[in-house]
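Record features, source TrEMBL:
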| type | residues | note |
| --- | --- | --- |
| DOMAIN | 6-122 | domain 'tRNAHis guanylyltransferase catalytic' |
| BINDING | 29, 30, 76 | Mg(2+) 1 binding site |
| BINDING | 29, 30, 31, 32, 33, 34, 75, 76 | GTP binding site |
| BINDING | 29, 76 | Mg(2+) 2 binding site |
| DOMAIN | 125-241 | domain 'Thg1 C-terminal' |
Ligand code: DGT
Ligand code: MG
Ligand code: MG
Ligand code: MG
Ligand code: MG
């Protein structure tokens, strides 16, 4: 059979042999959340309601898509690590759906948007480096923001003055300002703010009450039943060092 001039497109199909072995990362980031946070009176620099809402949404996404082996979130972003590509577009609906559970007195003024990007990482090392990059970003931003807002809220500086004060300072300088001027040991700030949130699958005991079927004289009585479920559990730990990966070898080495 003669080949059509379009036949060449089949060559592209041969190219995907490496893809099934690669990690696929989808990072979602809130669109213009600077404005969204202002409009919805987010606490500065960290609003624990907003972070818990993000975590809840990410857990929901993970429960819906079992292909996700680990997720990492900080600020207005979440990265989902997929074993392979899947349908991940349920994020915004979750955020709106669960809003009231976390922001009781703050009405949702307009629906948030999230941009998404997909990146393929070819090895465990590049995936770990990707997640380390996001956690390092969380640390750098949070340390800066913690001092920045302390200078404004507690010392009465304007944003411009606070920015000038921090220009050229190193991490050690910022720690020192927090300690000497605000009596704050940065290491005692909440872990979720400093480390972000890691979601991994863990076995947890789930207690439910069930109606007892038999014997007949016990009918209608309730009984607590404990069963083990695997759920996405939030951790606020370091993922840059080796300890986390040694403690959870199944994340990277589970073959399926
Ligand atoms: P983008 O992503 O280019 O559309 O623009 P933004 O404004 O979303 O910028 P981005 O993603 O680089 O930075 C996240 C913004 O979200 C940042 O302006 C601060 C805000 N944000 C995130 N979490 C919190 C929070 O807990 N409290 C407050 N006050 N703001 C937050
Ligand atoms: Mg963005
Ligand atoms: Mg941005
Ligand atoms: Mg954003
Ligand atoms: Mg962001």
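Cβ coordinates are placed from backbone N, Cα and C, and glycine is handled just like the others.
Remark: of the binding-site residues 32, 75, the most isolated position is 32 (fewest other Cβ atoms within 10 Å of its Cβ). With a CB cut-off of under 6 A applied against ligand 5, the binding-site residues 31, 32, 34, 76 are reduced to 76. A Cα-Cα distance of 9 Å separates residue 75 (GTP binding site) from residue 29 (Mg(2+) 1 binding site). Checking the binding-site residues 29, 30, 32, 33, 75, 76 for a CB within less than 6 Å of any atom of ligand 2 leaves 29, listed in sequence order. Taking Cβ-Cβ distances under 8 Å and a sequence separation of 6 or more, the neighbours of residue 29 (Mg(2+) 1 binding site) in its chain are 76, 77, 114, 115, 116.
A Cβ within 8 Å of the Cβ centre of 29, 30, 76, the residues given for Mg(2+) 1, is found for these other residues of the same chain: 28, 31, 33, 75, 77, 114, 115.
With respect to Cβ neighbours within 10 Å, the binding-site residues 31, 34 differ, and 34 shows the lowest count.
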